[in-house]
Amino acid sequence: MPLTLQAERLSLGYGERTIVNDLSMQLPTGKVTIIVGPNACGKSTFLRGMARLLPPASGSVLLDGKSIHSTPSREVALELGILPQGPIAPDGITVTDLVSRGRHVHQGWFRRWSSDDDEAVTAALTATGTLPLAARPVDELSGGQRQRVWIAMALAQRTGILLLDEPTTYLDISHQVEVLDLLTDLNEAEGTTVVIVLHELNLAFRYADHLVVMKDGAVVTAGNPNEVLDAEIIGDVFGMRCELVNDPISNTPMIVPIGRHRVGPGNPEA
Amino acid sequence: MSAGVVETTRRRESARARTVAVVLFVAVIAMFALALSYGDFQISLPDVVRSLLGQPTPAGVDYIMHDLRLPRASVSVLTGLAFGLAGALFQQLLRNPLASPDVIGVSQGATTAGIVMVMVLGLDGGIVAAAGLTGAVVTALAIYALSWRKGVGGYRFILVGIGIGTVLTSITSYILTRSDVKVAAEAMIWLTGSVNGRTWPQIIPLAVALLILLPLALILGRVLTGMQLGDDLATAFGVRVQWSRFALLIVAVCLAGMATSAAGPIAFVAFMSGPIAARLVGGGRPVLLQAALVGALLVLVSDFIGSHLLGSRQFPVGVVTGVIGAPYLLWLLATANRSGRGG
């Protein structure tokens, strides 16, 4: 069972600028949480704060009830993994080597690489469908392959909690679905608590057990997407008129944006 | 079957890193032997070994070995190891090939401190070595403090370092223009770097420092596999990023400062060793031991070229490494800007 992770009156910012303000939130353990919101709403900052990549201006992040910033970083790394946005691979590194870096915390001053590590790396490559690429340099891969390799690296760390910042950026729609399926697999097979910051609203509504909608550094609404969403909330958060219809595949809400053009005669507001 | 691909790939990469280290080690030994035996007065390899072991040798061999060639070859190896390792540490910690102590002013700090000791205060010996080390450490701390903004990142550190290096170079030039021509000639070693005429009191402190700092760097350097991927991922892996970077930078600064005190700022050895080692090892692994060995080989070979292969005149080793390094720096600047990295 993964440890609990929660924010308690958490404020985050860079320098004088406050981005997340006095936010309290319990991330449901063993569920898939997806955070959405317009650009600059603070969702990535919030994720970085939860992963102790950014020290809080005030308040705290609690892992298993203990402040994450006063817990030794190594201990946190055994429980919580994060894949930041747009990581950069060293020139010439092979897929195997990159994914092996995810085992860093399991190595010690005196603990050498073991068959457990090989097994974890192999399992991560298999889960992401990148095992055939194992011997290739990362530079030579396509964007979709590279993204899956980074996810494999995060999986190799084998943490109960996994935070991912926009893991589907640069991916075409089929690869986006593939990545979210993969993370759902992980959640179902291992009970991993998965927290994803995502841009794609319809996929977020479909894949989230728990959806968090943020605006201006605060949570507008959070919960099961079928229960907490309506067109007014989404329209307000994103500053755009829209309708929510039923996604016929997943029975979750699906957003239909309304712009100034291409609005048909059947629509009363056109 | 395919389950073994991870193990195979990993073993192949480890084997290559090991092979490169062994080959470099053998090359350093061979070059060291050549430096001891070759010269106006040829000494056969058996005589070299006999002399090193203290056994009887033909007349003159012991003097040439122990007073001339052995100190010179030893200081070449030691400064090479120290500069190579220091450069690789800086470049990999700051994730930038330009971030080498000879580019960002740390070596200039040691030089200026040494020049002040020799030219202004008229001192020499151990106190100069201590001053060189202090100069390097103070310079590095100044760069660190001036570029600190909730942590130290690559670019700011490098730009501040280049600025401070320029200030130090002008201080050095000012002192030289104000001094007696003869004394100034003596100080030239501090400007170009030379392994000629070094004596054991100048060499032994560097040897002791390496004995401590080389293993320390290799042990602490374990965090580089995480830090290579950026501060965020290194933190995610449980690395204490700011602490580790600071500790390793201090090790690197001490190495560069001690080496500069022993032989002057031998140009570009720190700058070139890491990238050459990385190219030899391939893949994306951090290279420390290999970079140190490349540094030793560079200094030995460059000194050999400078003293035997450029006609009747002898050139200090720093001139040769400078001639090799400058085009590489230009090439790096030209290509780095195109791909949006480096400078």
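From the backbone N, Cα and C atoms, a Cβ is placed for every residue, glycine too.
Annotation source TrEMBL lists transmembrane segment at B:20-39 (among others).
Here TrEMBL flags B:73-91 (among others) as transmembrane segment.
Under the heading transmembrane segment, TrEMBL lists B:103-121 (among others). Outside the transmembrane segment (B:103-121) by six or more residues, the chain places 90, 127-128, 131-140, 143, 157-158, 161-166, 168-169, 171-172, 175-176, 179, 183-184, 186-187, 190-191, 253, 256-257, 260-261, 264-265, 270-271, 329 with a CB less than 8 A from a CB of the stretch.
If you look up TrEMBL, you'll see B:127-145 (among others) marked as transmembrane segment.
Residues or ranges marked as transmembrane segment in TrEMBL: B:157-176 (among others).
As annotated by TrEMBL, transmembrane segment applies to B:203-225 (among others).
Here TrEMBL flags B:246-272 (among others) as transmembrane segment. Listed as Cβ neighbours of the transmembrane segment (B:246-272) (distance under 8 Å, sequence separation of 6 or more from its ends, same chain) are residues 75-76, 78-80, 82-87, 89-90, 93, 100-103, 106-111, 114, 128-137, 140, 144, 189-195, 198, 202-203, 205-206, 209-210, 213, 216-217, 220-221, 223-224, 294-295, 298-299, 302, 317-318, 321-322, 324-326, 328-329.
The transmembrane segment annotation in TrEMBL covers B:287-305 (among others).
Annotated transmembrane segment per TrEMBL: B:317-334 (among others), in sequence order.
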Per Cβ pairs under 8 Å, the stretch of B:20-39, B:157-176, B:203-225, B:287-305, B:317-334 packing most closely against the transmembrane segment (B:73-91): B:287-305
Best-contacting stretch, by C-beta pairs under 8 Å, relative to the transmembrane segment (B:157-176) and drawn from B:20-39, B:127-145, B:203-225, B:287-305, B:317-334: B:127-145
Within-chain partners of the transmembrane segment (B:317-334) [C-beta distance under 8 Å, separation at least 6 from its ends]: 76, 97-98, 103, 191-196, 263-269, 271-272, 298-299, 302-303, 305-306, 342-343
